[in-house]
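Enquirer: What TrEMBL shows for this protein is this:
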type: ACT_SITE; residues: 214; note: active site, proton donor
type: BINDING; residues: 51, 92, 144; note: substrate binding site
type: DOMAIN; residues: 16-222; note: domain 'Thiaminase-2/PQQC'
Ligand SMILES: Cc1ncc(CN)c(N)n1
């Protein structure tokens, strides 16, 4: 069997090793409640307001990644993939504004919660020129992949996602976004294959931190922090 001869990629290895944490991020009680239709709409609104703040900080992170790719990447096509990500984020910011108005969430008065501020600060630390492109692009993949997996699950067979939340799930759960995450994973794996032990262990620690932040981010929807 051909599959058996294939070497396991670095990211797949990490996903196996940190499966419990990855599952906590991608099968969180908040997104599972969307999937089974029991979601508390005030939790959804809290998530919406906080995520808008996060996305505004995510844009400069991706812009800094574009700069790293331009300086450090061995593949021209990486720039196009990241640029596509920035274009999608432009759309995402507009979507948040219209979605917030649909749900009567006031974005201008939403106060960022502690977890959100910490996650945004972590993103800012990754923007430093000292952070290697490989580490940053691997973090980018992890951040996008959590949303893709989480929201695709809300649309998969057997889901009872309320009609009014399907558009949100489609935004990250659609096949095109899935393909995009797959491309990011390939870029990260390609870079990791050529990296030193030091970069590989920094990238792994960064992925773990991203997954922990993503779990804490979903936790904010409970409104306890
Ligand atoms: C917290 C978080 N993580 C990831 C994504 C997907 N861009 C997001 N919008 N928000």
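Positions of Cβ are set from backbone N, Cα and C atoms, glycine also.
Please treat TrEMBL annotations as automatic predictions, because they have not gone through curation.
Please situate the listed features within the shown structure.
Expert: Classification of residue 214 (active site, proton donor) by DSSP places it within a helix.
Around the Cβ of residue 144 (substrate binding site), a 10 Å sphere holds 20 further Cβ atoms from the protein chains shown.
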Enquirer: Which residues, same chain and not among 51, 92, 144, have a CB within 8 angstroms of the centroid of the CB atoms at the recorded substrate site?
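Expert: Neighbours within 8 Å of the Cβ centroid, excluding 51, 92, 144: 54, 55, 58, 89, 147, 171, 172.
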